[in-house]
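Feature annotations, courtesy of TrEMBL:
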type	residues	note
DOMAIN	210-358	domain 'SSD'
TRANSMEM	209-228	transmembrane segment
TRANSMEM	235-255	transmembrane segment
TRANSMEM	261-279	transmembrane segment
TRANSMEM	300-327	transmembrane segment
TRANSMEM	333-359	transmembrane segment
TRANSMEM	400-419	transmembrane segment
TRANSMEM	553-572	transmembrane segment
TRANSMEM	579-600	transmembrane segment
TRANSMEM	620-643	transmembrane segment
TRANSMEM	664-686	transmembrane segment
TRANSMEM	698-721	transmembrane segment
Amino acid sequence: MSSLLYRLGKFAYRARGRVLLGWLVVLVGVMAALAANPPQTSAEFTIPGTPSQEVLDQLATAMPASSGGSASITFVAPAGERLDTPERAAAIAAVVADLADVPNVVTADAAQQQEVPEDLAAALTPAGNLTMGPLMDGEAPVTGVSLSSDGSVAVLNVSFDDQLINVPEESTAAVVTIAQEATDEGITVLPSEQLTQEMPAPFGPGEGIGLLIAAIVLFITLGSLVVAGLPLATAIVGVLVGVGAAYALSSVIPMTSMTPVLALMIGLAVGIDYALFIVNRTRRLILEKGLSAHEATGRAVGTAGSAVFFAGLTVLVSLSALSIVGIKFLTVMALIAAGTVAIAVLVALTLLPALLGFVGDRVVPDKQRAAYAARSAARGSDDPHGPATRWAQGVVKHRWLATGGVVVVLGALSLPVLAMNLNLPSAASANLDSVERQAYDATADAFGEGLNGPLLVVASSDQALTPDEIANARDALVEVDGVASVIPGGISQDGTLAIYTVIPTTGPTDAATADLVNELRSDATAQAAGTSIGVTGVTAINIDMSKVLSDALVPYLAIIVLVSLVILMLVFRSIFVPITATLGFVLTIGAALGATTAVFQWGHLHQLFAFDTPGPLLSFLPIIVTGILYGLAMDYQVFLVSSMRESHVHGHPGVKGVVHGFHGAARVVVAAAVIMVSVFGSFIFGDEAMIKQIGFTLAFGILIDAFVVRMTLIPAVMAIAGEKAWWLPRWLDRLLPNLDVEGDKLVRQLEAQVAAEEATEPGREPATV
């Protein structure tokens, strides 16, 4: 592997013009594809095969008008006034009438528009604790509008002919525009979150600050503005290609608005880090070995590039394995992110050495060469020194204390995970000044929390339901604990299916609402109702999704751990190292999710992270950050422990090899971790709740993993194991191919080549290898 990458690096350096031109052609091609296929993403998430989706499929056949997506518009009267005045009622009625002409809008409320036979009228009357009534426009009720008991707030339900993910943005925008016409009568119009969600900008001020911090760290680490710009330039090219391609594909592959943002987040972080490792190794080879920039670039790609390749491969495995879970939106999200990581690796192995070719010997300025030579002469020893060495020496000296301390501290940070509540974000946790939050609060104050998360319940039978059966099902539903009211919505043409809107007593993200959904689906409820019972609606869909994702976490973990153990065993030729690497990650993910629970669910430090209201964690947060963090954690494991193995291979046994290897990798690992934390952390301060949570979890997870697990726990347990850390059964040693990640075979080949050249030219000055 290292020999192949060595040749690739030298080729890219020599053919720098052609390599650069090739990448420019790729970039222009992606931008052209993006211009021809504008981005089309959605903030909705669906999982086929869940109980709620099965009910939607049933409705699509039996009652198509009730199977599409829905949204709401809340109308609020001026303080102390009412909406049921003739002028205001007429204004709202006009809005309802105009909405009927909007494409994709079925009716203001499809259920209420249905023709109901007279003998069923009594069975279809609402039951329970009703906090609403009709809004009257003269003698007629305004279709689809419910008025609060004090007349100050009204809610209009708007139904669509398809799920909102498939409804064109022009239609939802037209609904909002028409609704705003009611403001002429002094009415405050508040569309629900389904109508106000916008595609998050992939790059904003926060991300700019993150890149600025990364640039500062690169300059401090590399000591040159030109050289510091190389990792930034290659990372930007990588994300432009990866994220640009993702946006271009969004016109043909349905994807959520989170998908390109996640690819940007990961692509920037790994793109900068991977390039940094290769540039740093190039500079070290020039300073320590006196190699030319051309030769040093080739060797850096052959050695550090091998580590980059396998680190990237680990990230690819952990992300791609999400497709095995069988959740479509998660598969698309993971594969787009994995593709961006693959591009980052390819850029680091090809475009970066080409750019190093343009920089040439300036990759290490003359002043830095002179300063290094002066320090080496003054020191007169190859023994490692400096803060990193002192830290490693302290850790290995107090190895048992360090191991126990890390386990206790990270175990304590993991405790909040036991109370973690998962759901999709709702307007209840949006910032107070947002329109969707104001709509949520106005509706909750006037009608109760449950109206923000109504459940659509379907009662069905093999034969046509009688009026008594329909009434009995309604009465059975209203008796279930946690139900505030039940509003019958109509029956199918063949009479075998009836729908009811069930208003819970609790909000859509409350754990009690999830319990209510389970109770409504229970055999006891079906038996009491005398029919089969199904539950759907946005709230039920979100609850089902959270359960599916939670159930998928353990098998997913098993897959990525198993595959990664094999990869790490190939890289390190050890059993102990892969096992400790994985156990260390368990502490990392526990601490990261625990901290996220404490901040976003319990509300600690919420002012610092710029959000108003705590709430449940994103339902796919654990599984997606597990995949990402596992891959990135193994990055640091590869970079740090491969340096330790390199020291061990080159004659530094036991604890000395740990300290010597730590010294060789610590500076660049610290820089890489700070960069990654700054990139992920920059996403915390945006407005999108989902991105905030993912950005925080990844930033905190990298912080813990790099500095506490990889740079404290791993050196400590490596020191405890000593030479046994590198033990591998002989049969397995013979079975596993030698990938030469450390480049030891490459160095021997180059030494032999130099020796052969010197033998043919006896007077030649010995070369440095």
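Cβ atoms are placed via backbone N, Cα and C, with glycine included.
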(request) Report the DSSP secondary-structure composition of the domain 'SSD' (210-358) as helix, strand and coil residue counts. (result) 134 helix, 1 strand, 14 coil
(request) Among 300-327, 333-359, 698-721, point out the range having the most Cβ pairs under 8 angstroms from the transmembrane segment (553-572). (result) 300-327
(message) Are the transmembrane segment (235-255) and the transmembrane segment (664-686) close enough to be called in contact, which here means at least 3 C-beta pairs under 8 A that are separated by 6 or more residues?
(response) no
(request) Return the stretch with the most CB pairs under 8 A relative to the transmembrane segment (300-327), choosing among 209-228, 620-643, 698-721. (result) 620-643
(message) Quick check for me: are there 3+ Cβ pairs below 8 Å between the transmembrane segment (400-419) and the transmembrane segment (698-721), leaving out pairs under 6 residues apart?
(response) yes
(message) Pairs of Cβ atoms less than 8 Å apart decide it: which stretch in 620-643, 664-686, 698-721 has the most with the transmembrane segment (579-600)?
(response) 698-721
(request) Grab the same-chain neighbours of the transmembrane segment (620-643) for me: Cβ-Cβ under 8 Å, and only residues 6 or more beyond its ends, written as numbers and ranges. (result) 45, 262, 266, 269-270, 273, 277, 307, 310-311, 314-319, 321-322, 325, 327, 330, 333-334, 337, 341, 420, 422, 545, 549-550, 552-553, 556-557, 560-561, 564, 567-568, 571-572, 577, 581, 584-585, 588-589, 592-593, 596, 661-662, 664-666, 668-669, 672-673, 676, 693-694, 697-698, 701-702, 705-706, 709-711, 714, 718, 741-742
(request) Compute the average pLDDT of the predicted model within the domain 'SSD' (210-358). (result) 88
